């Protein structure tokens with residue numbers, strides 16, 4: 001999520017950052033598949049029903065949304081086939097859904113560790129503050145702090161990747177509309193500089209005229 005928000009990566013090309021972003025999410029998807037296989041096989045071996053709790057429902061929803069997010073992001077943003085208009089429309093949805101999935105995963109994790117503690121800690125009971133319960137509660141708080149830190153980084157406008165002023169408008173060879181925005185910003189900045197200089201020249205001319213008029217009035221007096 002924050003791969004575009006790290007200042008030391010702003011000098012890297014946008015395509016490189018896209019590839020890193022997609023690569024990290026692909027690795028995470030592989031780990032999700034391994035984890036799901038392990039969970040289902042463990043429940044089958046112990047004859048435990050599947051997906052009966054809210055933790056299971058929310059977790060499965062997060063997994064489905066995550067793989068859908070990964071596939072759509074790969075075909076729309078990484079590959080050069082999607083038109084720029086589609087990328088512009090889908091980008092806000094992609095950003096929002098990414099944060100939504102991240103928050104859902106945190107909620108699923110906290111529900112999962114709590115559910116596990118209620119099932120496992122019988123003697124001593126969870127309510128008696130055993131070391132396992134204190135350790136897991138601390139871990140849950142750290143996960144919550146980690147999520148809050150990620151959300152804080154993502155919502156800081158000063159951490160947003162700056163536009164690329166030297167980039168050009170790229171068609172279907174893979175690129176974004178940032179080049180157009182950068183060129184528009186450059187042109188508008190040049191126009192503003194010109195208008196400011198013209199305004200300064202006009203003010204200076206008025207001051208010179210006033211000074212000449214005052215000097216003329218003094219000479220006639």
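Cβ coordinates come from backbone N, Cα and C, glycine included.
Lifted from TrEMBL, the feature list:
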DOMAIN    1-155  domain 'Cytochrome b561'
TRANSMEM  20-40  transmembrane segment
TRANSMEM  60-81  transmembrane segment
TRANSMEM  93-114  transmembrane segment
TRANSMEM  134-154  transmembrane segment
REGION    164-199  region 'Disordered'
COMPBIAS  165-175  compositional bias 'Polar residues'
Please average pLDDT over the domain 'Cytochrome b561' (1-155) for the predicted structure.
95
Contacting positions for the transmembrane segment (60-81) when only residues 6+ beyond its ends and CB under 8 Å are counted
18-19, 22, 25-26, 28-29, 32, 36, 51, 87, 90, 94, 97-98, 100-101, 104-105, 108, 172-175
